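Annotated features in TrEMBL:
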- 12-136: domain 'Peptidase C39' (DOMAIN)
- 165-187: transmembrane segment (TRANSMEM)
- 169-450: domain 'ABC transmembrane type-1' (DOMAIN)
- 207-225: transmembrane segment (TRANSMEM)
- 278-301: transmembrane segment (TRANSMEM)
- 307-325: transmembrane segment (TRANSMEM)
- 393-415: transmembrane segment (TRANSMEM)
- 421-438: transmembrane segment (TRANSMEM)
- 482-717: domain 'ABC transporter' (DOMAIN)
Amino acid sequence: MIAPAKMPVVLQQASSDCGVACLASVIRYFGGECSLEHLRHLSGTAIQGTTVLGLVEAARQLGMEGDAFRVKQINYLDNLEFPVILHVVIDQKLSHFMACYGKKGDRYQMMDPALGTRLLTAEELLEIWQSRTLVLIQPGSVFETSESSRQRKRKWILDLIRPDLPILLISGFLGLIVTVLGLAVAVFSQKLIDEFLPNQAWQKLSLGLVLLLVLLIGRSVLSYLRASILVRQSKELNLRLISGFFEQLLGLPKVFFDSRKVGDITSRMNDSRRIQRAVSVLTTELMVDSFVVIVSMVSITLYSWEVGSLVAIFLPVYFILVFGFHKPIKKGQKALMVSYSGSESAFIDTLTGIGAVKGESKEGLFLKVNQSAYHRFQDDAFALGQVSNRLGLVSQLAGVVFLVSVLGTSCYLVAQNQMELGVLVAISGMLGMLVPAVNKLALANLQIQEAQIAGDRLYEFVQIKKEQVEEGVEIPEAVNRIQVENLSFRFPGRKLLFDGLSFELKQGKLSVLLGESGGGKSTLLQVLMGFYPPESGSILINGDRLLQDISKNGWRERVGYVPQEIKIFNGSLGYNLSLEPNPASFEQVVRRCQELGLREFFERMPQGYFTQVGEEGVNLSGGQKQLVGIARALIKRPKVLLLDEFTGAMDRMTEQKMLDLILKLKEEIAILVVTHRIRPALLADEVLILDQGKLVEVGSPQLLLQRENLLTASVRDLTSA
């Protein structure tokens, strides 16, 4: 029987999160920690939710042992030693997941991601657990506990700020000197009132004023130096943090970006300023403010033990009041960052798709979508602001009560001749330093919490294993043959997209892949590029080297890849062709385009190769973008060419010229074309027909046209039209 107190409750953020929320609960039960965001990625969670297979695969990737099976009797759940995840159906229609943590009395204790803790009778559970399917998960030998994760996270932060430690220590030391010099006014005021003026010690007064002037000027200079140091440190840390984060991003596998929103990534990059501010608070401001509190308390106590005792009583009370707000503020900060990310993603998504928005006259709809996302962000900002306002009110009221109490006590002691008037003035001056320092110390944890949330969001991406693009054996200069044998692939948590594919690409042969939309043709090209690892099977290069053993960078330098959607960067046409900034590469581009017969297409543009194409190629037509994609792939003189619907947006004459070019190039390189268009297929040496994830036909166009298949049906549709 599982102890009820050990059941971690993890609520879903959306209805599709129920499976990953259950998995997160089980992971916490075993002492681990993993965010829902990362679990969504590992399990292949989509808007429809998570599959049982996705949960098992995600658990295994986290070092756990997972398996799914069906049971006949509910009694299996009576004496569980470990929690299990059950697949249930709510209201006879809604697929859902719950985690079962054993039996409590005659009821089963369930962690429902939608509602929290639930106690169900056997009859109630049987009514919804119709599939009898469960997922059993236990920690494996390489399972990482949350403590290990926190240690790695602390190491990451320490490595990040270690280069700044000397400059931060200098800044802290300067802050201490500035603090000590700040007491000069209070001490001088006490001497002025109690000694210089009553005794008419004009010489001492003059020396005191000169000394005070020197100290205050020195304090101002040191404050300036300290501020300059912190500004420089802030710049260096932000540069190092963002550069490292972006380098990590670029090193992640392509599959990572398939399930991520651009706005979410950019919002995490913007969180770096919160980390920088927390580093400054932790390393300098906390030290300085703590020193202010200690020096002020000691000085006040030396002047009057009664007032010093009052200050010592007040400080813990003040900290307790402020700490009471930490939990709601942390919750609000996290919600605000998430909603900001969603708002930014909505704006970017709408603006990058403005053509579709206007083309469908959906401005009103997308205005509502973005307003809704931004309203959520502002609602979270308002909620956090209200909590912060309440905290500000409490801290100010506490500060006022403290200040009045200390001044009242001091005035009473002066009236009783137990304290001199100058001492009262000096204590008042020290209180002016003490109260803000105490307030900053009490609130410092809030900034640290904010930075911790931001750091967690950054670290969530940093901890993902980078794609090993440099490792592997060198690829031969010539690639004559590519053998695909029994190749299968699935996305995480999904059924096989294609299974058991076997075919061969070789120099001198033009191969064309036909198939229905969504059948996995484009994904197959990305597997051949090394973007996605196959489920099973092999890809042999030149008959003796596995693709998985070859350096990914070396392979991709040898392969020309033209995807369906051509990415156009903001810049000149020449830059988009070469993706190189140096002038020498531009000359190579011009020569290569001349060799390929593409020069006429580009030189007819307004400024030729210097034409500014605009963001996302707004100044180019769809056909021109495809020409850029083809030229970009061929400029590097590839040994293999993979083309995905490469003529879909071209006019008939341009398409024919591109087909003539491909027929010319096939004598030099291996070529695979994915297309729905019939003309490329009829020119091919070999046509591969993909249907329901299987290669159902392979042969020459002439051979395939003699029997019924997708090619003959397509030709018939074309001729009948």
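Just so it is clear, glycine is given a Cβ too, placed from its N, Cα and C backbone atoms.
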Original post:
Going by DSSP, how much of the domain 'Peptidase C39' (12-136) is helix, how much is strand and how much is coil, in residues?
Top reply: 44 helix, 42 strand, 39 coil
**OP:** Average the pLDDT scores across the domain 'ABC transporter' (482-717) and report the rounded value.
**Re:** 90
Original post:
Which range out of 165-187, 393-415, 421-438 gives the transmembrane segment (207-225) the most CB pairs under 8 Å?
Top reply: 165-187
**OP:** Would you kindly list the residues that approach the transmembrane segment (165-187) from elsewhere in its chain, counting only those six or more residues past its ends and only Cβ-Cβ distances under 8 Å?
**Re:** 212, 215-216, 218-219, 222-223, 225-226, 229-230, 232-233, 279-280, 283-285, 287-288, 291-292, 295-296, 299, 425-430, 433
